[in-house]
Amino acid sequence: MKVAMIGTGYVGLVSGVCFSDFGHDVICVDTSADKIAQLQAGIVPIYEPGLDTLMQRNAEAGRLRFTTDLRAAVDGAEAVFIAVGTPTRRGDGHADLSYVMAAAAEIAHALTGPAVIVTKSTVPVGTNRKVAEVIRATRPDAEFDVASNPEFLREGAAIDDFMRPDRVVIGLETDRARQVMSDLYRPLFLRDFPIVFTDLESAEMIKYAANGFLAVKISFINEIAALCERVGADVKAVAKGMGLDGRIGNKFLHAGPGYGGSCFPKDTQALARIGQEYGVPQRITETVITVNAEVKRRMIDKACDLCGGSFNGKTVAVLGVTFKPNTDDMREAPSLTIVPAMIGAGARVHVVDPQGRREGEHLLPGVTWFADAYAAVEGADLVMLLTEWNEFRALDLPRLAATMRLARMADFRNIYERSAVLGAGFEAYDAVGR
Ligand SMILES: NC(=O)c1ccc[n+]([C@@H]2O[C@H](COP(=O)([O-])OP(=O)(O)OC[C@H]3O[C@@H](n4cnc5c(N)ncnc54)[C@H](O)[C@@H]3O)[C@@H](O)[C@H]2O)c1
């Protein structure tokens, strides 16, 4: 099947590459000429494990192409995906649909044969119908259907998530859309991965409800962690004891410095706004947003306490600044709140991150970048573990302690044990909820 993927970011690129690996003929489109030039040269513009090999294989097989020419890509495509960004709209927290609507209008002009327009971007309820309206208004003659196909992949494990999903959600209204979507996802049907067919509104709602719920889980354990610190409990033990209950599950129960990333912050904001708009406030989600902001502030206070009550003149070595490991994505990473706050309070900040530097250089002005954790901590007064990259999980603690000016550790991912850190020569250690 000929597929056009409009928007070649984290979701569009991974989806396009994976659909081509299913055997479809995929053209990925982006407005960024730079990005497309890199992709045409075989360079993957983001860090996502395994993506380069899969992209190369399918490009060489002739099933995967990249262009800035949307019209050429849409011409003759049976499925046209919209996978552009839906960031938070400045000022009011709503999802900014301007990219989606602009893409819809461009697609309308370019449509030739019958096609299904599939929205993969995370969009508020009613957006798929608006996409249909835009296309119909622009091209009353066009033969098309719409489908909602929200994406659930996680950065860092995106290919596996796409190829072996917990479920695929597809909202649609017509037999023709169902036929096209079934053909597209046939390899997953054949392997019995659950495919949930539903209506457009429910599909749109599933994505926000799922992300809202996961944000609740993270924030819940972060609040419990704060309480654990007061009562002398260990949140790791608490999370384990909770998570073994099959009704709760052990995922997303890791206390830490608050959620970040390209989805949870903006999707919880958007869900709260949708609730307000329809007169059904989503109070749990609204509270989660507040709790998450407080968690980040709490981390800054903890670090300040470790620095003896003031950051002024102190050097803090931050290990990891991306919002999670195995991605270079810095969007809404906790580091973007914590690092500037420390610099503003007079700290010098050293940073090391295996993939974060390219993005982080613009986003974290005033820090000094290092290539390796041992160099970054040399002479520092505090080492802060902010992203749990594998290479930070088995550091030589005595070596770290020996090179620091004051050996103190803020372990905001609960990687190490207090006794091991103190035993290695650190004079102070703090974690989250322990
Ligand atoms: N990143 C994730 O982990 C993830 C997971 C699930 C869902 N989503 C959702 O998927 C959507 C895309 O997210 P992303 O992280 O891939 O965004 P992104 O910012 O990485 O990529 C969006 C791309 O779309 C391009 N674009 C914008 N307008 C265009 C147009 N008119 N024509 C062609 N290209 C255009 C941009 O240049 C950019 O490259 C969002 O709605 C997001 O919420 C993201």
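Every residue, even glycine, has its Cβ placed from backbone N, Cα and C.
TrEMBL labels come from automatic prediction, so no person has curated them.
What you are looking at is a predicted structure, and each value in this text was computed from that prediction instead of being measured.
Feature list (source: TrEMBL):
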BINDING   Asp30, Lys35, Thr86, Thr122, Glu155, Lys266, Arg331  NAD(+) binding site
BINDING   Phe152, Leu153, Arg154, Glu155, Lys207, Phe252, Leu253, His254, Ala255, Gly256, Gly260, Lys324  substrate binding site
ACT_SITE  Cys263  active site, nucleophile
DOMAIN    317-418  domain 'UDP-glucose/GDP-mannose dehydrogenase C-terminal'
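Here the domain 'UDP-glucose/GDP-mannose dehydrogenase C-terminal' (317-418) is broken down by DSSP into helix, strand and coil counts: 33 helix, 18 strand, 51 coil. Counting Cβ atoms from all protein chains shown, Glu155 (NAD(+) binding site) has 25 others lying within 10 Å of its own Cβ. Of the residues the record lists as binding NAD(+), namely Asp30, Lys35, Thr86, Thr122, Glu155, Lys266, Arg331, the two whose Cα atoms sit farthest apart are 24 Å from each other.
Our reading of the substrate binding annotation (Phe152, Leu153, Arg154, Glu155, Lys207, Phe252, Leu253, His254, Ala255, Gly256, Gly260, Lys324) yields a largest Cα to Cα distance of 24 angstrom. When the binding-site residues Thr122, Lys266, Arg331 are screened for a Cα within 10 A of the Cα of Lys207 (substrate binding site), the ones that qualify are Thr122. Per-residue pLDDT, averaged over the domain 'UDP-glucose/GDP-mannose dehydrogenase C-terminal' (317-418), rounds to 98. Filtering Lys207, Leu253, Gly260, Lys266, Arg331 by Cβ distance to ligand 1 (under 6 A) retains none of these binding-site residues. Annotation for Leu253 (substrate binding site): spatial neighbours Lys217, Ile221, Ala239, Met242, Gly243, criterion Cβ-Cβ under 8 Å with sequence separation of six or more.
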